[in-house]
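The structure appears below as structure tokens.
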């Protein structure tokens, strides 16, 4: 019966594969007398053809089995309620294998900076095959105030507005480029018909904080004071928009101009922004650990690394771990009335504080070296917009947050503080969206977000 079974399987799995496995199923004295595999002493063409065909089938099946086994072992299911789930499941898996697992190896060999170069390379790969711009749009690479910018100019037929949108891309201040957002920019231009300037600020760790802030400020000032005429834009109708770290730079830029009493930015749009770096145990961070831990969506480990690279602090594994444990502030400072109130989780919607998703935690003992460095930053709104004591007089804001995003809560805290200081603020929350959805192609959720942004700008700019 065993012999019949093996011969039958020969037709399915290929002779080479059987030659490799059948000796394990037969008694030792029978192995030398029994052979179902290919004739590796083939002489004629037909025998060689059968040999090569059998080997090809066997190799193919072995590879398939290996891939299936690898996928089953590495598969991490995404939450049911997340948007674009099927597409995202594949993209997340590919990103995790390449950027997380391979990234860990690269970091071990080349250090954190080498890992960051690998991340840039991997993120850039899909954009090597970008199609050109639509016929109704011209895209130019230019320098404004000495800073590279990607300028999207609508054709005469497409131009509907003399207003301008300045876009500041995300990527943790360390990765991403303006052209990675072409799809989103083309979509916004089709809806708004206005010129868009995307700032290609220099990245960390080659340069460090506050270079990105200063370059973005220089571009916006130059557009307002001198360059507006070159592009035919109304300098009194400039909006600034950014996602993630770009949202951070947008909020910081708006505050800096307000402090200089410069009424340049008429609207600020913050898409899942980075607002502060002092609480890595907020409900949205805890939600990551409980619902999609280990995935390649924006995670606490990556966020801590981005901060350290941006600030010029050694992104060692020990430092990353301490930040993720909230040990980058001393217990005394974290429990002080001002900081405790600023980071108070009870300001968040009650739905985010349910015990199945959230556990209030005591402040840990801080690391002396890290806490000394980060406590100085508690006074610096150019890094963390939330620490600015007076937000009155800022331009009206639209703040967008996502349900599956570790940065969700800091965006909400900023909304509350803006409103508390009298800033007209529209908060749009997308429970099914994830951090980075602005870069997801062919996404109904992204379309909804871009529709909402366009509607807001049409009404308010």
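Any Cβ shown, glycine's included, is placed from N, Cα and C.
The transmembrane segment annotation in TrEMBL covers 48-76. The annotation domain 'Alpha/beta hydrolase fold-3' is assigned in TrEMBL to 165-319, 375-438. What TrEMBL lists as active site is 244, 405, 435.
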Task = Return the residue, from the listed active-site residues 244, 405, 435, with the maximum count of other C-beta atoms within 10 angstroms of its C-beta.
result = 244
Residue 435 (active site) and residue 244 (active site), distance between Cα atoms, whole Å = 8
Request  = Measure from the CA atom of residue 405 (active site) to the CA atom of residue 435 (active site) and give the result in Å, rounded to a whole number.
outcome  = 5
Query = So what pLDDT does the domain 'Alpha/beta hydrolase fold-3' (165-319) average out to?
reply = 97
